[in-house]
Amino acid sequence: MKYTKPVLVVHGGAGDWSKRDYEKGLTEIKKTLERGYEEFKKGSAIEAVVEAIAYMEDSGVFDAGIGSVKNSEGEVEMDAGIMHGNSWKVGAVASVKAKNPIKEALKVMLDGRHVLLVGERGERSITNFIGNNGGDTVGAVALDEQGNLVAGTSTGGISGKLPGRVGDSPIPGAGYYATPRVAVSSTGIGEIILRILPAKEVDMLVSMGFSIEDSVRAVINKITELFGKSNVGLIGIDYKGYATAYYNTVGMARGVKDKNIVRVFVFEGEI
Ligand code: ASP
């Protein structure tokens with residue numbers, strides 16, 4: 001569907017939302033959209049994406065920030081990444097315990113010397129992890145008035161993962177990707193997403209002339225054909241303001257806000 005700039009699309013993970021407090025998920029997605037959208041008044045799509053994701057990291061409802069799941073040693077190790085499509089700038093962190101991993105990823109992007117840093121970062125580590133109610137990885141994509149396209153993703157990863165395991169979320173092209181054409185954020189099983197690089201595939205299909213909607217759907221269908229269902233969800237937006245979301249799981253918490261409309265869904269519903 002086409003939206004009026006500026007546009008913010010967010011997700012709170014693809015998974016079995018029938019077993020979760022999805023009402024709470026929907027409420028938080030709505031609040032996230034309000035919080036992130038405020039940033040368009042003074043900032044760009046970068047601030048909208050970062051603040052939307054930071055809000056979800058602080059909510060404790062999703063598998064990110066204080067809501068992050070634990071690894072097999074009972075520790076939390078988080079991954080996050082952000083990309084500004086128009087400049088191809090990108091920054092990411094992996095295996096961190098910082099309060100807001102997305103803000104650490106932003107620092108890496110703004111610094112510009114590197115793309116991905118691992119290990120402890122940030123002045124403040126979180127110690128008060130509260131776990132979540134079954135929510136998942138969080139992500140956001142945005143298009144501002146000036147045409148900036150930005151994508152970001154943040155996660156605690158997969159419950160019971162081995163220490164040091166890094167998923168798709170901090171890897172450009174896998175967990176997120178932005179170009180002058182599109183911005184995409186992924187969620188699902190990192191070990192599958194890392195093999196297909198769905199966010200990159202969406203950009204390639206759009207560059208060949210397919211719509212963002214057909215491209216996102218085609219990539220989800222390809223993953224379903226190769227690996228079966230219940231493993232992936234994507235949100236995407238293009239430079240014209242067309243936004244879309246698809247998943248092959250039971251549900252995906254997601255929402256979109258533009259100048260006139262706010263729409264949030266966990267199960268059926270078109271973005
Ligand atoms: N993609 C994340 C990971 O594998 C998990 C998720 O999206 O729920 O780390």
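The backbone N, Cα and C atoms fix where each Cβ goes, and this holds for glycine too.
Pulled from TrEMBL:
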type	residues	note
ACT_SITE	Thr137	active site, nucleophile
BINDING	Arg165, Val166, Gly167, Asp168, Thr187, Gly188, Ile189, Gly190	substrate binding site
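Between the C-alpha atoms of the residue listed as 'active site, nucleophile' and Asp168 (substrate binding site), the distance comes to 11 Å. In the three-state DSSP assignment, the secondary structure recorded for Val166 (substrate binding site) is coil. Around the Cβ of Asp168 (substrate binding site), the same chain contributes Ala174, Gly175, Ser186, Gly188, Gly190, Ile193, Leu194, each under 8 angstroms and 6 or more positions distant in sequence. The substrate site in the record is lined by Arg165, Val166, Gly167, Asp168, Thr187, Gly188, Ile189, Gly190, and its two most distant CA atoms lie 16 Å apart. For Val166 (substrate binding site), the count of additional Cβ atoms within 10 Å of its Cβ stands at 18 [all protein chains shown]. For Gly167 (substrate binding site), the same-chain residues 6+ apart in sequence whose C-beta sits under 8 angstroms from its C-beta are Asp79, Thr155, Gly157, Ile158, Lys161, Gly175, Gly190, Glu191, Ile193, Leu194.
Under the three-state DSSP scheme, Thr137 (active site, nucleophile) falls in the coil class. Cβ neighbour count for Gly188 (substrate binding site) (all protein chains, 10 Å cutoff from its Cβ): 29.
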